[in-house]
Amino acid sequence: MAAVTDSCSFSSFSKCITKHLNLCYHVDFDSHVLKGRVALTVEVLEDKFSTLTLDTRDLKIFKVTANGQEAKFALGVLDAVKGTPLEISLPFELSRGQHVIVEVTYETSPKASALQWFAPEQTAGKKHPYLFSQCQAIHCRAMVPCQDTPSVKHTYYAQVSVPRELVALMSAVRDGQEVDPEDSNRTIFRFRQTVPMPSYLIAIVVGALEYRKVGPRSSVWSEKELVDLAAFEFSETESMLRIAEDLVGPYVWQQYDILVLPPSFPYGGMENPCLTFATPTLLPYLTYDSWFWTGNLVTNKTWEHFWLNEGHTVYLERMIGRFLQSEQFRQFMAIGGWKELKETVNTLGAKSPFTNLVINLDGVDPDDSFSSIPYEKGFALLYHLEELMGGPEVFMGFIKSYIQLFAYRSVTTEDWKNYLFSYFKDKVDILNKVDWNTWMHTPGMPPVKPQYDTTLADACTALCQRWKKASEEDLANFSPNDLKAFSSHQLIEFLAQLLQEEALPLTHVKKMQEMYNFNNINNSEIRFRWLRVCLRAKWEDAVPLALKMVTEQGRMKFTRPLYRELYNFEKFREKVVSNFMKNRPSMHQVTASLVAKDLKVDQTQSTGF
């Protein structure tokens, strides 16, 4: 079988693999750079080895050594997606099985795609600057020269020098701190990560941070303005961890801390080992962090197989929900996921290659392919297999075994499928009837629509249909009692169903606000859907509320669809684009570049942050 390659990386992991990184950072808030030095312990996989290539993006390289000897290096041709290869010539030859320590002294760019620098006024406290990283999918190379592919897993140690009034955290266990011997106004924080992990999970944050302990292995970190609320909301963390451990095995990362970031973070959360990044938009939601098993412990080998991370994670999250609530609740959440999948397919187009479960990323930035497809289409496949193989208890046996077998490794869809057939060897005839090609390699909706229990969704559907069919005279029949028995999840489902229908008349939406007072609900998931309902009805009062939401937080799940709805409100298009351009400097770069495409902003206008 041909060796697996990664179209998103210059590094050839068939020739050598990184086993360990030793990082030193000096965080410079004045110039918005990390002054860095990294020592990579590299294992050689072939004889007569004398050159290696690392991934970089916008890095200044000052010096390279190999086992202490100066090594020649050159930066190759810039690639728009992959960045710039760092080609290193060793001053000696090595044989298969030998190790070399390659040390690179470098500096990041002020515009490094992995790093977000906040001025004090952009933080909750308004007094101190703030830095955080986001390396998924291929941004670690903008922070450290490395083999930036999920195919390679390594441990790391780090020391980070920051101004003494600030705190540094990383995706690793804290290992002490001391006054910087070179500058008494700075503190060095030390970290160690002894579990091998891919480069995209390296994470750093520096800010005026405080913590509250919420469990025997968990603390919540944030600026002091948010930390007590965050500690309250995440107080059940330990019980959640224990449920996950019962399902799929031990949590191997020792520490499980949660960092509540400033609102511009582009994702709902990033499950970095030892330090989950979360946005305030997650509050009051407690996440089920299944990624620590089906993403961090078992990892997609390349980004084409991203569904292996996300589909299994969603499946596990909903299984934990089953234990906490009920099977009906799991089914209800799956119904919402199916609707989200349909909406994404409609948005991207049923023939878009980005709606494949396994995608082709040749020449494609993985960020551009980011959507709910790997999450929800992946879940739908696993749920379909669960039904075929004998139900949730039977299929969870496979999931747990899959995690235990492939722990600490990176896998492809072929690896996963081969093990599925091996595990269910007595049901191969059933598995052979699955339309694997359509599921994996064909765009659009899955070939099978799961039949979910609609008990909890029926009330949402009934209310949605009442509003859809209501005449002007019927509006008097609605009352606040309509929602009396609804959970927050059912409110989300009701609004999600409305978004699948033709836009309601403005009179109906105004009446809905009068009866249900959605404008006063702060739950981000509800607010996001409600504002979309309003914008589709062309309610002008919703425009400032939507502009406020896209400005005060930067989670892509909310920001991109809201900006698209605002853009479609032609009367306000110019104002919407102006709002984006004004606030772009404070947005995360990934979010900003994708919103620029959504708003059809001239790229000559929108370069730079």
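Heads up, the Cβ atoms here are built off N, Cα and C, so glycines get one too.
Just so you know, TrEMBL annotations are computer predictions that nobody has curated.
For Gln136 (peptide binding site), the number of other Cβ atoms no farther than 10 Å from its own Cβ, over all displayed protein chains, is 27. If you look up TrEMBL, you'll see Gln134, Cys135, Gln136, Pro266, Tyr267, Gly268, Gly269, Met270, Glu271, Arg555, Met556, Lys557 marked as peptide binding site.
Long-range Cβ neighbours of Glu310 (Zn(2+) binding site) (same chain, at least 6 residues apart, Cβ-Cβ under 8 Å): Gly295, Pro374, Tyr375, Gly378. Per TrEMBL, the feature Zn(2+) binding site maps to Glu310.
For the domain 'Peptidase M1 leukotriene A4 hydrolase/aminopeptidase C-terminal' (455-599), the DSSP counts in helix, strand and coil order read 114 helix, 0 strand, 31 coil. Among the features that TrEMBL reports, domain 'Peptidase M1 leukotriene A4 hydrolase/aminopeptidase C-terminal' is placed at 455-599.
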The largest Cα to Cα distance in Å among the residues Gln134, Cys135, Gln136, Pro266, Tyr267, Gly268, Gly269, Met270, Glu271, Arg555, Met556, Lys557, listed in the record as binding peptide, is 18
Here the mean pLDDT of the domain 'Peptidase M1 leukotriene A4 hydrolase/aminopeptidase C-terminal' (455-599) is 95
